[in-house]
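Peer 1: Encoded as structure tokens, here's the structure I'll be asking about.
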Amino acid sequence: MRRGWKMALSGGLRCCRRVLSWVPVLVIVLVVLWSYYAYVFELCLVIYLILYHAIFVFFTWTYWKSIFTLPQQPNQKFHLSYTDKERYENEERPEVQKQMLVDMAKKLPVYTRTGSGAVRFCDRCHLIKPDRCHHCSVCAMCVLKMDHHCPWVNNCIGFSNYKFFLQFLAYSVLYCLYIATTVFSYFIKYWRGELPSVRSKFHVLFLLFVACMFFVSLVILFGYHCWLVSRNKTTLEAFCTPVFTSGPEKNGFNLGFIKNIQQVFGDKKKFWLIPIGSSPGDGHSFPMRSMNESQNPLLANEEPWEDNEDDNQDYPEGSSSLAVETET
């Protein structure tokens, strides 16, 4: 009886958590809908409406894609078979378990390791983690090329939707900037007492305040992710250096500025501004710096980075301004 109550309570708490996780998204949606109403129907800035709606469409489109594009999980070949899982769980000697994972990993395109040199293994999903894959405790699954879990889109940002998330940040910055600059003239009129409508005064003041507030925070976040893209890093890799079979290397996936951008947006520039999938590869393996150096020996002259954190450490909540949960 007591066990049944505990299970019911646990299920209720999970349900409440799922519902509450949508609160940040609801806040953003309400703010955006109000800004649309205030700008289009209250202020009615007719000469600005065409460009405003173009920006608004791309802003909402990329936000939708960031929310509802499901995180991509490792395919079946990275999961332990039933037999291997039984052998692994029944084995009591850690060194034997470690060797079992090494033998299994030899058949897979896996080149990253934990800080101690062990094969990266998720004991909850029972799989050998592909390179750049991490377990998200919010989504309760391993996510390919995981960047962070974002509460403002209530989704895990990774290989499948990182491009959409970047576009969402870019169009958010543009949206806030456009509103702030076009509303500023009305703010001057308000300051001079030339706005007779009390309701218009409220919308002018609040629109300018909200647009400027979000613009500052979004510019910082967008600039940070632009830096990550230019170095071909994820947020998790910026906080914890990836460890390869040859040792830790901060620039392990850095292929050069242009190729780094193409790793996220693809090699067709006509798709860079449109929220459609164009990232190369399948998210399970990625070109590495060592391979690029073999083709361009000049890259080998760059100074190595020094770092040696454990890949399996828990990251603190809020490791970026939008990150709340990471790999275990």
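Including glycine, each Cβ sits where the backbone N, Cα and C put it.
Relevant sequence annotations retrieved from TrEMBL are reproduced here:
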{"type": "COMPBIAS", "residues": "318-328", "note": "compositional bias 'Polar residues'"}
{"type": "DOMAIN", "residues": "120-238", "note": "domain 'Palmitoyltransferase DHHC'"}
{"type": "REGION", "residues": "284-328", "note": "region 'Disordered'"}
{"type": "TRANSMEM", "residues": "20-39", "note": "transmembrane segment"}
{"type": "TRANSMEM", "residues": "45-64", "note": "transmembrane segment"}
{"type": "TRANSMEM", "residues": "168-190", "note": "transmembrane segment"}
{"type": "TRANSMEM", "residues": "202-224", "note": "transmembrane segment"}
Peer 1: If you average pLDDT over the domain 'Palmitoyltransferase DHHC' (120-238), what do you get?
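Peer 2: That stretch averages a pLDDT of 91.
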Peer 1: From the DSSP assignment alone, can you count helix, strand and coil residues within the domain 'Palmitoyltransferase DHHC' (120-238)?
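Peer 2: Counts, helix then strand then coil: 68 helix, 16 strand, 35 coil.
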